Ligand code: DGT
Ligand code: CA
Ligand code: CA
Ligand code: ZN
């Protein structure tokens, strides 16, 4: 965390506490100041050293806030903030993670009931105490109770899009060390889960100490959690990063073991047991000639085994027997008569049988994408012109680029969306921009799916466009049945080509709609509408499970970034790996097709 981030975080905490104690206006001023301090190009400690006037030069930072910033940089503290914390000793971040609970609510519930953290909030709601507080009703209490589990989980897990760049940085750093023979990520991040508990790294090397030392010196490491001989853990950007070091000839077995998931590993180990083999993090061993001596410690946790004396829920972690594989991960799978299983599939959802029967899908790859079907420009809420966005698509080697600015309608605030007249104007602008860039530009729109599944743009306008993405932006709290009806009606709309971010979820932010994904998938397949995997790492929507249902129903998938800026086109990789988690093949993906292929789908 840079000092600018640190100061901004303090100012935001200040704002929350002020708001919780009922102060008006000031919280907004503190939040604006925090934002500008965070984005300020110069290090805040340098400005603070020059004095309050230099700090107050930052946009939106007034004299009073500048004085507090200087105080903080000089003393490591803001006296007034410390006072507020004592007045209101609450876990603000934990409590406000609950949808519908803001700083004001936190203040009221602390005053009335002494609630300081999530556990106490839950207990108060369960006891029916919240509805007794003035300004709160039974409905609010019920909502709070419903939203606590989601909040709890979101506090514990990091979004893939936040963790992956940290992991990539660690990979590059470790790959540069002389003693490192190979390095890989493993765990949930290698499986590209939407959220991750911690980042796992695996290094193959004959050395141990120099690597542990290099790892704890990794510039991104904010703190060392532990440093042993074969492993170490640090904290980077708020996330735990675990490193394990193994001998090069055991790298494949360790990679297989530490990639997980646990359920996948149990299934694979059962297959080994069936073949009189033993699989653990050191290798695959032939144990036919080894005296069976039950280790007797771990209790069987899984019923997956056939009961023939093997306990596959936890491996027998010894190097006993003749080693038949372990140097490469592929070798481990092959020795079990399986095709190597792509990490994204390792969730014990049929991939072990598929690999054994040679019918794993040939998954879509990042290089397969030939264009983005959902992007924005400064005609709606994007920050860049049509030509700038299209040029960025051309730079990425795409064969086409589709502009889909927001239409007006529910969920569009502040006049962001285009009305029918503006769409017509934009058509001319697209034609003009197309002359400036090396890539064909298609004119699309992102229409809004209202609560009943209708669209807020008229048919005539939609018919004239090359492509229509339709997405839900409002009424995201409706129940599952209503959501199913809504999305089915949207995909059946004759002009809709792509169902955009179908659930509207924000990872760690809001759960979004909970439709019957099979029903939506079947309707999409029948009406020839593609289901989007929105690659924005805050969304990853549809998720792997939804994609799987879509692929199984025979529906088409579109992997789109929803980019509002050129660099956001690079988020495509998150979408591709999410589609892979849903077993999507190249042929399933609409924008892996040529421009002709795309056009024939659209017509
Ligand atoms: P996460 O970090 O919660 O997102 O999920 P994972 O899958 O990365 O889990 P993690 O970090 O606890 O461990 C990484 C992998 O290592 C896990 O997927 C399976 C394997 N593993 C680690 N510890 C054990 C264990 O005690 N038993 C078994 N069977 N597998 C383990
Ligand atoms: Ca992990
Ligand atoms: Ca771990
Ligand atoms: Zn969009």
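Using the three backbone atoms N, Cα and C, a Cβ is placed for every residue, glycine included.
Annotation source TrEMBL lists domain 'DNA-directed DNA polymerase X' at 1-347.
Same-chain neighbours of the domain 'Helix-hairpin-helix DNA-binding motif class 1' (53-72): 7, 10-11, 14, 29-30, 32-33, 35-37, 40, 44, 47, 78-81, counting only residues six or more beyond its ends whose CB sits under 8 Å from a CB of the stretch. If you look up TrEMBL, you'll see 53-72 (among others) marked as domain 'Helix-hairpin-helix DNA-binding motif class 1'.
Taking H, G and I as helix, E and B as strand and the rest as coil, DSSP gives the domain 'Helix-hairpin-helix DNA-binding motif class 1' (93-112) the counts 14 helix, 0 strand, 6 coil. The annotation domain 'Helix-hairpin-helix DNA-binding motif class 1' is assigned in TrEMBL to 93-112 (among others).
Look at TrEMBL and you will find 128-147 (among others) tagged as domain 'Helix-hairpin-helix DNA-binding motif class 1'. Long-range contacts of the domain 'Helix-hairpin-helix DNA-binding motif class 1' (128-147) within the same chain: residues 98-101, 108-109, 112-113, 121-122, each at least 6 residues beyond the stretch ends and with a Cβ under 8 Å from a Cβ of the stretch.
Here TrEMBL flags 288-344 as region 'Disordered'.
If you look up TrEMBL, you'll see 289-314 marked as compositional bias 'Acidic residues'.
Sorting the compositional bias 'Basic and acidic residues' (316-326) by DSSP state (H, G, I as helix; E, B as strand; all else coil) yields 0 helix, 4 strand, 7 coil. The annotation compositional bias 'Basic and acidic residues' is assigned in TrEMBL to 316-326.
What TrEMBL lists as domain 'Polymerase/histidinol phosphatase N-terminal' is 371-451. In terms of DSSP secondary structure, the domain 'Polymerase/histidinol phosphatase N-terminal' (371-451) contains 27 helix, 21 strand, 33 coil.
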